[in-house]
Amino acid sequence: MIQRERIVKEVMALCAISSPGGGEREIADRLTATLRELGMTVVEDDAGAKIPGSAGNLYARLEGTVPGKALFFSAHMDTVVPCEKVCPVIRNGAICSDGTTVLGGDDKAGIAAILEALRVLVETGEERPTIEVIFSVQEEGGLKGAKVFDTKRLKSPMGYVLDASGPVGHIINAAPFQNNIEAILHGRTAHAGFCPEEGVSAIKIASRAIHKMKLGRIDGETTANIGTINGGTATNIVPERVVIAGEARSIDEKKLILQTRHMVDCFEQAAQELGGKAEVKVTQVYPGYRLHASDPVVALALKAAVAMGIQPRLVPTGGGADANIYNGAGLPTANLAIGMEKVHTKEEFIPIDALVGSARFVLEIIRQAVR
């Protein structure tokens, strides 16, 4: 059975290891040793050279006892900053940091839950499918590790990522496509006091474009934002160049295309109207996905939740995770909520009951897969 004290000790030890994106070497070495102790074959890929970073993605495999059955589970090793000298403590039944750093339970709680379920499987010797594990690098910086992971090495037809906030039993079945939009707006410089009429203000172009833009919550599936604006050199110079960075997201790809086109049009039209020029670059950050209750990967998780006596719920999200990349590669993947709260802040915490529940959920999914 799941051992509460063991999983708490595991997650606190993992959280105490500093692992910012690109600096996952120490935690990767620890996890490699742990996985091998469980009898798994472990391979570290070349993501560290490609992205680059100090470590690659870890791929581990535990052979099953039931022919023809396989599942994969994934979590990421990196955390947001500040993550130096993390000091995990237990307060009011939850694991948190001492308040000077993030905890890093995002996503080390997911890692610990997977490891605890694996330990129980190995200890009991019960029937199991082949289990594949991916511990990725640099998820927080744009899913970089998952993007370069070779999904062709996976034998599993479907899998689960443990990387979502919310109660255990919540299953993320839909996540957005995301486009990043960079606009470089060109005006014409002039002295702002002597001859401003000879100039074209790139800032004015930006202002007009953004004023016309639909931003924020567009509808129930779509959002858009302008995040940064940089330009100008001095108050007495008409600014000739402004660089703007924004994004658009939607669970519906057609809606994303329309919103992206709208934002690009706003930049181009404003530049044309004011005598300037707009260079706009659109980059897809990650693909979206939508899974249904009838899809095997979701149906299995629903069945496991019911068997545990918890009420499952299908929940869409507005954020991306490694599950987006795996789904985009043709591998149906659900993201499981693991109870972590206030992630990416110094107030981050995870209730111990949720941590234990997450490990139980992984274990029950595995058990239901062979029944």
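Note that Cβ sites are derived from N, Cα and C of the backbone, with glycine treated the same way.
The structure displayed is predicted, hence computed values, not measured ones.
As recorded in TrEMBL, the features of this protein are as follows:
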{"type": "BINDING", "residues": "Asp106, Asp163", "note": "Zn(2+) 1 binding site"}
{"type": "BINDING", "residues": "Asp106, Glu140", "note": "Zn(2+) 2 binding site"}
{"type": "ACT_SITE", "residues": "Glu139", "note": "active site, proton acceptor"}
{"type": "DOMAIN", "residues": "185-257", "note": "domain 'Peptidase M20 dimerisation'"}
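On the structure: features taken from TrEMBL.
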| residue | record | Cβ within 10 Å |
| --- | --- | --- |
| Asp106 | Zn(2+) 1 binding site | 26 |
| Glu139 | active site, proton acceptor | 26 |
| Glu140 | Zn(2+) 2 binding site | 18 |
| Asp163 | Zn(2+) 1 binding site | 26 |
Integer Å distance between the CA atoms belonging to Glu140 (Zn(2+) 2 binding site) and Asp106 (Zn(2+) 1 binding site):
10
Please report the DSSP secondary structure of the residue listed as 'active site, proton acceptor', reduced to three states.
coil
When the domain 'Peptidase M20 dimerisation' (185-257) is classified with DSSP, how many of its residues are helical, how many are strand and how many are coil?
19 helix, 30 strand, 24 coil
Measuring Cα to Cα, how many angstrom lie between the residue listed as 'active site, proton acceptor' and Asp163 (Zn(2+) 1 binding site)?
10
Determine, to the nearest whole angstrom, how far the Cα atom of Glu140 (Zn(2+) 2 binding site) is from the Cα atom of Asp163 (Zn(2+) 1 binding site).
11
According to DSSP, collapsed to three classes, what secondary structure does Asp163 (Zn(2+) 1 binding site) have?
strand
Secondary structure at Asp106 (Zn(2+) 1 binding site), reduced by DSSP to three states:
helix
